[in-house]
């Protein structure tokens, strides 16, 4: 029994057949991250990153196409969607049209940065710019948590009132 366990452990560590594993098979085209790419020459820079483990990912936004990472700009009038396409090993293409609230994200960051003379970011104010951005994100998260808490407590209170009614 002991040698069989050792053999199973070694086989699970070596994972035979894992060299043929294709990470593009499990890649979710909707699982991308969007962050700002601050640059002095851009109104609002956005950095879209998708799937470093899969080389056949193409991101398209505003008539620009790039593999895995796309640095683009957003301004009013530019579409708020981007397309992610993944080419499978059999040649088939999976396409996902993702929408994102570029306008709200850019408006909030630009307002906060201009309010405190943080735009355009430079070596002198990048720390302050980052702190202001994080504080905005924390404020929005706290507001969301308070709203969810109020919703839950109101539903519990309403459920208790319904039980007491004859």
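Positions of Cβ are set from backbone N, Cα and C atoms, glycine also.
Remember, predicted model here, so these are calculated numbers, not experimental data.
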Transmembrane segment range according to Swiss-Prot, out of 111-131, 132-152:
132-152
Would you list, in sequence order, the recorded positions among 44, 50, 63, 67, 97, 106 whose CA lies within 10 Å of the CA of residue 31 (N-linked glycosylation site)?
50
Cβ-based isolation winner (fewest other Cβ atoms within 10 Å) among the glycosylation sites 31, 63, 67, 97:
63
Largest tally of Cβ atoms lying within 10 Å of a Cβ, found at which of the disulfide-bonded residues 32, 44, 50, 106:
50
